[in-house]
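Listed in Swiss-Prot:
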REGION    47-87  region 'Disordered'
REGION    102-155  region 'Disordered'
COMPBIAS  105-118  compositional bias 'Basic and acidic residues'
COMPBIAS  135-144  compositional bias 'Acidic residues'
DOMAIN    167-314  domain 'Cupin type-1'
Amino acid sequence: GIPYWTYNNGDEPLVAISLLDTSNIANQLDSTPRVFYLGGNPEVEFPETQEEQQERHQQKHSLPVGRRGGQHQQEEESEEQKDGNSVLSGFSSEFLAQTFNTEEDTAKRLRSPRDKRNQIVRVEGGLRIINPEGQQEEEEQEEEEKQRSEQGRNGLEETICSLKIRENIAQPARADLYNPRAGSISTANSLTLPILRYLRLSAEYVRLYRNGIYAPHWNINANSLLYVIRGEGRVRIVNSQGNAVFDNKVRKGQLVVVPQNFVVAEQAGEEEGLEYLVFKTNDRAAVSHVQQVFRATPADVLANAFGLRQRQVTELKLSGNRGPLVHPHSQSQSN
């Protein structure tokens, strides 16, 4: 679930061997290996896995939850979304342009529909990247390991009988992320509600105002169950092959299951907002947002990976990065 890229800055070809540990405790899906690409039009690395998933996708076409609203729009967009094998190819160019506050051409390049370079991209002139010193990286790693080893040993351990068992994450003042035009996000995990450590669960409360968007993101170490408590909106889920396995309207009382590492985005409707709870199967569930990944990725890497001009990279990293909560109309007005 952690995005990464590799660059050979040597004078000789590099052969890398990757070991995929599907039995890792962080993997909550199954023993089937999956590779999720954010960019490019990669070749299929596990063809037997894709064939099996495509058969299921053709049989179900989408997750059997709630009404299948917006079917006409889904059919119109299906042709565009068939191109490309990256996770962003499962979203329409129009939606990506709204989410990242970019031009239509930039959004189309993010989907990489006709990119023939597959997984490996040749960089002309080399990459210009600022790297931290090796000693600094080692010190940061040692500090992280020290903090992990000290977790839960503060001398004031809570007993089962005295554990706090209730937390109101819907309070406005409790919000962890807030956009006055788009909405708010609040989370509860074992750090804020320690009893969740025994249940191995965490929760997220999302409130989206009209037309508000929760930009594409994925859960690194948990499956999740989305339950709509108010309003209506649209949810899109994309798998490792770039297929939109779910793209439907959701309403109050409906459930949607989002598998680990599948990219998901939500948008409230035009008439009313959308409020929902997300229950996650990890007491410290971690979320990665595509926008944050773009901002943390060196400009030269983005330019070469997506075939972008420098102006488009700047637009993507800065103008289009205002947090995971987005209101498309307010962004376009501010430009």
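Cβ atoms are placed via backbone N, Cα and C, with glycine included.
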DSSP-assigned states of the domain 'Cupin type-1' (167-314) in counts, ordered helix, strand, coil: 27 helix, 66 strand, 55 coil
Model confidence over the domain 'Cupin type-1' (167-314), as mean pLDDT, sits at 94
